[in-house]
Amino acid sequence: MDIAIHHPWIRRPFFPFHSPSRLFDQFFGEHLLESDLFPASTSLSPFYLRPPSFLRAPSWIDTGLSEMRLEKDRFSVNLDVKHFSPEELKVKVLGDVIEVHGKHEERQDEHGFISREFHRKYRIPADVDPLAITSSLSSDGVLTVNGPRKQASGPERTIPITREEKPAVTAAPKK
């Protein structure tokens, strides 16, 4: 019986490490997909390519959670932390960085025992005062961290244009 051996460069000539089987790219609040647990199958076809993980839309993309926004009048971060109680969360400002940390110890759920921990850091834009940043936790588990953006210094004004009779650029004398 012959066994076909497919070299990874032949199967994926342009992206040999494009979509490895891995568990470390999860979002902390998301569940595993069944395809995350199995290696890419070469038994189906030598030309089978596992769909890359960035093409699969995670569930938070539909809800708009875990995002950072910079709007005209404010800066905000929305983060899905439904698996954590307010006592298990910390929000700190360190210089120009917001640090969000969540941790809960091992506890039992319907599937067994679970513990979770995450750290997220967000750079504060230059026009946001770090002392004015606030945070709140909604009833559905969305942590919102926001701060007002500084307004421009003074009202807008129009500057009149005057016309001059002399040219701005003069020709250099030829040697």
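Numbering starts at 1 and runs along the chain as displayed.
The backbone N, Cα and C atoms fix where each Cβ goes, and this holds for glycine too.
Swiss-Prot gives the label glycation site to one of K72, K82, K90, namely K90. Of K92, K121, the one with glycation site in Swiss-Prot is K92, while the others lack that note in the record, though it may still apply to them. The number of other CB atoms found within 10 A of the CB of K166 (N6-acetyllysine), across every protein chain shown, is 5.
Reported as a whole number, the C-alpha separation between H119 (Zn(2+) 1 binding site) and K103 (site 'Not glycated') equals 9 Å. Closest to K92 (glycation site) by Cα-Cα distance, out of the recorded positions K72, H111, K150, K166, is K150. Cα separation, K72 (site 'Not glycated') to K150 (site 'Not glycated'), rounded: 10 Å.
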